[in-house]
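Data block below; observations after.
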Amino acid sequence: MAFAGVLNDADVKAALDGCSAADSFDYKKFFHSCGLSNKSADDVKKAFKIIDQDNSGFIEEDELKLFLQNFSAGARALTDKETKAFLAAGDTDGDGKIGVDEFAALVKA
């Protein structure tokens, strides 16, 4: 698991189970359930680096679509509606992607 040592496996499973149905993903609930919202700034940055698959320094829409799969390979992809809502919530500067500071603000929201 990519988040081993950062997040508790049982918490991650519970968070994934809570959004297993299409269009049920809520980033605030997810970050709270998996425990990321209570982690240090360093742990949040580690999570960002895991999700930033292409190491561009940003999380783009295609990476957001596969967001849940970073937590478990068998997890579903986000729907287009969920992906666009997630991006809109995190992209505070309007550049079409989420930077590390924007991600940290999302996690702590």
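Using N, Cα and C of the backbone, Cβ positions are placed for all residues, glycine too.
Remember, TrEMBL labels are computer predictions, not curated facts.
According to TrEMBL, the feature domain 'EF-hand' maps to 39-74, 78-109. Residues annotated as Ca(2+) 1 binding site in TrEMBL: Asp52, Asp54, Ser56, Phe58, Glu63. Feature annotation from TrEMBL assigns Ca(2+) 2 binding site to Asp91, Asp93, Asp95, Lys97, Glu102.
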Short question: which residues 6 or more past the ends of the domain 'EF-hand' (39-74) have a Cβ under 8 Å from it?
1-3, 6-7, 12-13, 15-16, 19, 25, 80, 83-84, 86-87, 90, 96-100, 103-104, 107-108
Sort the residues of the domain 'EF-hand' (39-74) into helix, strand and coil with DSSP and give the three counts.
20 helix, 2 strand, 14 coil
Considering only the binding-site residues Asp52, Asp54, Ser56, which residue has the minimal Cα-Cα separation from Asp95 (Ca(2+) 2 binding site)?
Ser56
Going by a 10 angstroms cut-off between Cβ atoms, which of the binding-site residues Asp54, Glu102 has the sparsest surroundings?
Asp54
Nearest by CA distance to Asp93 (Ca(2+) 2 binding site): which of the binding-site residues is it, out of Asp52, Asp54, Ser56, Phe58, Glu63?
Phe58
Rounded inter-Cα distance in Å - Asp91 (Ca(2+) 2 binding site), Glu63 (Ca(2+) 1 binding site):
14
Rounded to an integer, what is the Cα-Cα distance in Å between Ser56 (Ca(2+) 1 binding site) and Glu102 (Ca(2+) 2 binding site)?
15
Any further residue of that chain within 8 Å (Cβ to the Cβ centroid of Asp91, Asp93, Asp95, Lys97, Glu102) of the recorded Ca(2+) 2 site:
Phe58, Gly90, Thr92, Gly94, Gly96, Ile98, Gly99
Considering only the binding-site residues Asp52, Phe58, Glu63, which residue has the minimal Cα-Cα separation from Glu102 (Ca(2+) 2 binding site)?
Phe58
Have a look at the binding-site residues (Glu63, Asp91, Asp95) and report the one with the fewest Cβ neighbours inside 10 Å.
Asp95
Could you pull the average pLDDT for the domain 'EF-hand' (78-109)?
97
Check: same-chain CB within 8 A of Ca(2+) 1 site center, minus Asp52, Asp54, Ser56, Phe58, Glu63:
Ile51, Gln53, Asn55, Gly57, Ile59, Glu60, Lys97
Taking only C-alpha atoms and a 10 A limit, tell me which of Asp52, Asp54, Phe58 are near Lys97 (Ca(2+) 2 binding site). These are the binding-site residues.
Phe58
